[in-house]
Amino acid sequence: MRHRSLLILTTTVTVGALTLSACGSRDDKSGGGEGGDKTTVVIGLDAPLTGDLSALGQGIKNSSELAVKIANKDNEVDGVTFKIQALDDQGQAGTGQQNATKFVGDDEVIGAVGPLNSHVGQSMQKVFGNADMVQVSPANTAPELTQGPDWQKGKKKRLFDTYYRTCATDAVQGPYAAQYLFDKRKFKKAYIIDDKKTYGAGLAGTFTDEFKKLGGKVVGTDHINPDDRDFSAVATKVAKSKADFVYYGGEYPAGAPLSAQISKAGSKALVVGGDALYSEEYTKLGKKNVEGDLATSVGAPLESLDTAKTFMQNYKKAGYKLPYEAYGGYAYDSTRAVILAVKAVVDKNDGKLPDSMDDARKQVTEAMQDVTFDGVTGQVGFDGYGDTTNKQLSVYEVKSGKHEPVQTGTFKES
Amino acid sequence: MHGLPDQLANGLALGALYGLIAIGYTMVYGIVQLINFAHGEIFMIGGFGALTAYLWLPDGTGMALALPLMILLGVVCAVLVAVGAERFAYRPLRGGPRLSPLITAIGLSLALQQAIWAFYPNAKKARPFPQIGGGDIDLGFVTLSREDLFIFISAPVCMLALGLFVAKTRTGRAMQATSQDPDTAKLMGINTDRIIVMAFAIGAAFAAVAAIAQGFKTGEVNFRMGFIAGLKAFTAAVLGGIGNIYGAMVGGLVLGVAEALATAYIGNVPGLEQFGGGSWKDVWAFVLLILVLLLRPQGILGERLADRA
């Protein structure tokens, strides 16, 4: 018996070793193309594909795939076929970092699109930075990702020249909402709630600063756990505070029940938030109780742009089961930015990508700085920090169960 | 103490919900000394069962008709899953090392969660739950939402029924006997297997009622709702004295009220401003749990028994 188990063990080890070495040799030759003259280049995509933010994440994934599909069909880059490899980060910083490492380790991946959450983006930046691999986020709105931790003190510093984003930051989104509420709605008393995440706390912070500067009053503040769904105690506090509105820095899964429970507590205060409340799910979950709530989102409403109309038609034609949601347009533009950066490199390089993937990644990262095109969300381009040059913002109001645009404009310092 | 009656009502509603779930932990523990960590998922399945009943009904069905059907289907789903779990996951391990059923429970909990995630239509994100509708009820000193009314009625009804069942009926007394000494109970002709199934089923039925209450309260059900609720209910069961059904309810109410009051008032205490609000309420609830267990290791209503954890 002993001998036999030894035999089995040896066989297993040998087979295992062979399999591993086979994997290794396959990796070595990849990136060089598969027969013929077509090279396949993979764009990594990271978003929460499962979990409670999956509605937004799936919208990002579908839109990104659509961008690739259309680029391949139009033969956007001669001799290069693009492919999306999507990984799920579940909204967790640790998982996002593992995914980034996986992309960097894969010799076919040229650049990455994603993630959705700012705290996940923060964890991925360094991995991509070390590998000189470009990352374009459609949805990270926390300012410190591009401008460094001291951006509020006026000491802006770009930390990673591999990081770009196509959406505007909370540095403009929060203040834009404050100006709208104070000047247009004449609201004076705010109750501030956030979920303590990088995105939510940051947004609530920039909103509060601007609202106070304008002369508004903060009658209460609170923080909630994003996993909770019972907010009755907080809702009662809001109702007793007689606030005109609640500014919520956080995302729709907690935001919708929070808003509904504030209404149920007998408060007339409406809930105002950022782009993470601008989701169909928000109105589906909150039903009548979220009527009148406001959300700001970056860019002009997609319905109002010609480039966006084509996108919406194509999205519909492709037959995706889930809607593109708040970040679909940005994901499409982010993916397209990567494709155009690859195109710039190929053009410069006599019609092909550099042989070594490391070189290719480096050159694509460099080319990204100058990429500019008419995107789904407006003119796409990047400033010296990697932020989008498109600073348009819109305010949406929930009317009969749908987010309707009420104002679009550009943020101006007050 | 601004708005104290309202905050107490919030706390009691939340606490009654915890208490109903905690009954399931406490009954199963009292009889087989198993911490059924899959109970949170039984609760979740009850919620999805109720939602299914609502979706089957034609649009515009009034709540008066829909609610009994929702409760019925929710309870049936939860009980079937709980009884199935007992039969196929726990019974084969009875008499084995005590850690094996515990690990099985954790595995089962993950499996049930993922099963709903994968197979229930559109359950990958939160599913909206129907609402009772209508405005708040102003009683002068306190304002109640109609959704909270459900738990304020169902929890006492459930507790009363359970109390009578355990004290008065033959099966109820057999249950007490099994919890005190399973071997002797068996010798006295009690079918202990049947009693254990009963304990799982009653716990599951109460959890399903709690899930409907939570659905009304938060306007949604999702595949992860059982995790936090289960953890809180388990805490409530320990706080009240695990093994004691009244203790579970008392523990739930204490926990719920503690959470509501901590959210509302800790921030007003000078020096504790930053420890108040919704994000610290769990910390205060667990501080309370530790204090109670330091002073009364057996829990508020628990009995001191040497051989129980």
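Glycine too: its Cβ is placed from the backbone N, Cα and C atoms.
TrEMBL: automatically predicted annotations, no manual curation.
What TrEMBL lists as transmembrane segment is B:12-32 (among others). Under 8 Å from some Cβ of the transmembrane segment (B:12-32) lie the Cβ atoms of residues 39-40, 42-43, 82, 90, 94, 148, 151-152, 154-155, 158-159, 162, 175, 178-179, 182, 195-196, 199-200, 202-204, 206-207, 209-210, 213-214, 217, 229-230, 232-237, 240, 242-245, 247-257, 259-260, all in the same chain and six or more residues away from its ends.
The list of residues near the transmembrane segment (B:39-57) in space but at least 6 beyond its ends in sequence, with Cβ under 8 angstroms from a Cβ of it, reads 21, 24-25, 28, 65-66, 69-78, 81-82, 85, 108-109, 112-113, 116, 120, 123, 127, 129-130, 203-204, 207-212, 214-215, 221, 223-227, 229-231, 233-234. The annotation transmembrane segment is assigned in TrEMBL to B:39-57 (among others).
For the transmembrane segment (B:63-90), the residues of the chain that approach it from at least six positions outside its boundaries are 24, 32, 34, 36, 38, 42-43, 45-54, 57, 101, 104-105, 108, 112, 130, 132-133, 196-197, 200-201, 203-205, 207-209, 211-212, judged by C-beta separation under 8 angstroms. Here TrEMBL flags B:63-90 (among others) as transmembrane segment.
The transmembrane segment feature in TrEMBL is assigned to B:102-120 (among others).
Residues or ranges marked as transmembrane segment in TrEMBL: B:149-167 (among others).
Taken from TrEMBL, the feature transmembrane segment covers B:195-216 (among others).
The transmembrane segment annotation in TrEMBL covers B:246-266 (among others). Note on the transmembrane segment (B:246-266): residues 1-3, 7-8, 10-23, 25-26, 155, 159, 163, 232-233, 235-240, 272, 275-278, 280-282, 284-285, 288-289, 299-302 of its chain, located 6 or more positions outside it, place their CB under 8 angstroms from a CB of the stretch.
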